[in-house]
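Straight from TrEMBL, the features:
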SIGNAL    1-25  signal peptide
DOMAIN    45-103  domain 'Partial AB-hydrolase lipase'
ACT_SITE  Ser179  active site, nucleophile
ACT_SITE  Asp348  active site, charge relay system
ACT_SITE  His377  active site, charge relay system
Amino acid sequence: MEKLPALLPPFLIFFLSFSLSLSDGDFTGNSSYPVQSSPADSLCAQLIEPNGYSCTEHTVQTKDGYILALHRVSSRSGDLRVQQSHPVLLQHGLFMAGDAWFLDSTDRSLGFILADQGFDVWVGNVRGTRWSRGHVSLSETEKEFWEWSWQELALYDLAEMLHYINSVTSLKIFIVGHSQGTIMSLAALTQPDIVEMVEAAALLSPISYLEHVSAPLVLRMVAMHLDQQMVLALGIHQLNFRSDVLVNLVESLCDGHVDCTDFLTSITGQNCCFNKTRMDFYLEYEPHPSSVKNLRHLFQMIRQGTFSQYDYGIWKNILMYGRLKPPAFDLNSIPKSLPLWMSYGGNDALADIMDVQRTLEELLSKPELLYLENYGHMDFLLSIKANRDVYDNMIGFLRSLEKSSSS
């Protein structure tokens, strides 16, 4: 059987890595990513400082023992020691890390744009990604290292990053999230101890519900219960896209079942303005690993139409939660006074308009909205026009809050 790279151009392989992709997930830790071992391997040294921006790396430890890298970025004319503007935490999506905000030119990448606008930019990297591979007692070669989903990313990783930034700056934080970063943000903001550290949230391709996902390849994986088969049949716990087995797996999913000649459309929806000319450069950094449990939690959301904690099944739910079903993240508990901004697209097959509308109906507040009919899921991060179409509007929202808080 012919391998997938012979059938499809490399940029289509890349699109899969930005979505609900699968691989052999070798939980022995084999990967083409080296574990960061020197300053030269850091995100600061590789992507940010070469463009003339000041960058420092910080280390954060979560309550369950994961060691996370948190990067602080200033403009080319700024001084990290005397940052006066509001801190902004950038939270990446699934199979991505903090580098996602710096993959395009300095005038198109949101991380650089915010720094040039004078914001105190902090860049989050969740557990398991290239920049955050540590744990106080577990090795990434152990399956226990990968025993987490976006629930832990929200309640532990994001919470600890916010606490650290708040302790350093003594200021409340603007959260900016994309895709999984919005799931994390909305879940975290239902928790009173977390929301008190947040000034506002800006959400790109906002997701709390996934009931109306329309991406054909994603729906096929959900219908096949592939997330369960990987652990039960193969003993896989890490999803590591940099693996040959993924090629054969995706080929089998597409063969005779789904038209995968365009992975962009079959997974994320039609993106209008993706910058394909930088594909080889993107592939140097993306994708990053995630866990099978995280994928299963996302698939539970699709199957059940819920925005809830991880469903372990009746008996373990009783043990873990004291109830038959996992508790929901109650969007109604996000304070009405918390300013929210959301931008979503008409061609997004993951953050579907109907699911976004359900989120809006459950929130007490009325977020500021930016709807772009021709935008797909990845356009909000890597469109060649996002600086004008999206970021100018979002920065205006953040600026208005800075002015109101200082007056």
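Cβ atoms here come from the backbone N, Cα and C positions, even for glycine.
All TrEMBL annotations are machine predictions without curation.
Note that this is a predicted model, so its numbers are computed, not measured.
For Asp348 (active site, charge relay system) paired with His377 (active site, charge relay system), the C-alpha to C-alpha distance reads 5 Å. Counting only same-chain residues at least 6 apart in sequence, those with a Cβ under 8 Å from the Cβ of Ser179 (active site, nucleophile) are Gly93, Leu94, Leu204, Ser205, Ile207, Leu350, Ala351, His377. Counting every protein chain shown, 29 other Cβ atoms lie within 10 Å of the Cβ of Asp348 (active site, charge relay system). For His377 (active site, charge relay system), the count of additional Cβ atoms within 10 Å of its Cβ stands at 29 [all protein chains shown].
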